[in-house]
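As structure tokens, the structure follows; a few thoughts come after it.
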């Protein structure tokens, strides 16, 4: 999910749909068919043709015609899991949903879309002689799958110069189409490219813009940008019209890219989840090593996986069960509570932080006072008369050639205000001086109320106030503070509050990436959104998986979460961009800011396997039949049901503590064989934490150990908010830290 300067729009991705035709007179109703996704769970056969035949047979039960059943099929999912997308009336969908061998039937839901300095800031320098970047050979043997808006193969960073042969495990292909020749546009860097157009049919009435391509080539640059951030190669002297200059690269510069285009420029931006699910199924079969998806729900409810199947979560679950981590953008709906999306526990949900980089202009008043102010401006210096506009929405005075100062409460209206004010430029004073929204052809300067009042005092102190605004500049380093971006989706988890979301944050505000190069765009873009923090994590996972190919997706996630920074890389506090600004907590940044170097050697991991996910499904209220369908394993939920608090997640989140609660966790030693870890606790205020045992001893025969955490509250009233702490296992060198989040409910 992202907001993109000059290269992408805000896009909508549509949820699971199905369309079935009415063929026989007795079957015809006034109901309009639509696409539904029917999920059957784990595969019952390894032969794709047998799976296909079983889909047709199931559809015959609602069509009473083999021919009609076959014609209704939109997609068959038969590689990573079993299911299909088909054109159905609501009554036909209802009949399928009632079958005991069907896990879920889901209709459509709208989703939205959710790059030089980033990796130096995170400590991933290509000049280091050792470390995760060097030791992984920059991810050269793995493939990252980008499910998005396609790719512009000529963009910077997609050359295969210096790359070795395509990894042997890769089975994917490049599909040709308008403007995309596999022989020319695929190489040893872009090793796979597909596209999916089910959403655009005569029945849906939706059409693709004639400017976009029926091919993997992406007119919408969102997918190109995400691919660049995850795995773009080295691009010297990159910048956006002089801003953010430097050597641009992705997290895994030598990793290979497979692009799955599910987004098209159209009359209604978006895609069908049937397309997205098909892309996931193909990616599993093609042999991708990590999947990155920067899309999610358009608005509340952001997701409820107790009705799992509404979105792309089922496909992602099967990918994870095949050993493929799935990274998801955590929504751009912040900073309010419960705004994070893509919250299933098997997903790696990513929020967005800022960098230690700022774009600014010097604002010099007529009294020679110079104030640096936030601005995304690439034009020349401007100067002129400085005026105060009290109400920018109603003031109609002549502002030609003048520069206006105004105050506003709603940050989202900044672009509209600058355009409305007109003149030679505008200074916007508001609650936050961090200007992440827009670029302007004329200066649109952001500052806070305090500085705005200083400028207003100057205007009122002289009869002829003037101002000079410099061209745009780039500042890197301290004292630029790190914040969780205001737009980044926040917890608690709206679906299961006991599962912490987001999981992690990575830079996603004002990051530089490659862009399309079609004559209008410059080839580089500066963007913001969780869309751009998610592929950063995907690229880092490529590096980790290169070092630890036998680790599960959960182990890889745990390694990143338990080693994350709770401060910025300089040791300063991380703030949350909100009203008012505050110190960030786990509902802002999950486990913290990703620390790639430490993640390569976490010491211990909180691992998860199929039995753990069955535990989760039982605790979430699924019945035995549904769990067996989804997982392909016979399961019987115990009575009483297990507690979701005991799900082996690398965080402890307790929504309701009356007096005392005990939770269980298990850790696996992935560090030195003979290791001793002791517990270190930072309890939430007014909460007592006890760990049993307080020491864990690992050796050649003991690699996995469990422990219990007893949480006791001294609070005697209902708490309107959560209190936060942390719990760490340390061997003196490695600190394996998870967040504690506790709320008292009497």
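Cβ from N, Cα, C; glycine included.
As recorded in TrEMBL, the features of this protein are as follows:
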ACT_SITE  148  active site, charge relay system
ACT_SITE  222  active site, charge relay system
ACT_SITE  531  active site, charge relay system
DOMAIN    35-113  domain 'Inhibitor I9'
DOMAIN    139-569  domain 'Peptidase S8/S53'
DOMAIN    646-742  domain 'Subtilisin-like protease fibronectin type-III'
SIGNAL    1-25  signal peptide
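Rounded to a whole number, the distance between the Cα atoms of residue 222 (active site, charge relay system) and residue 148 (active site, charge relay system) is 7 Å. Averaged across the domain 'Peptidase S8/S53' (139-569), pLDDT in this predicted model comes to 88. Taking CA atoms as the reference points, residue 531 (active site, charge relay system) and residue 222 (active site, charge relay system) are 8 Å apart. Taking DSSP states H, G and I as helix and E and B as strand, the domain 'Inhibitor I9' (35-113) has 31 helix, 26 strand, 22 coil. In the domain 'Subtilisin-like protease fibronectin type-III' (646-742), helix, strand and coil residues by DSSP number 1 helix, 62 strand, 34 coil.
Counting every protein chain shown, the Cβ of residue 148 (active site, charge relay system) has 32 other Cβ atoms within 10 Å. Neighbour density for residue 222 (active site, charge relay system): within 10 A of its CB lie 32 other CB atoms from the protein chains shown.
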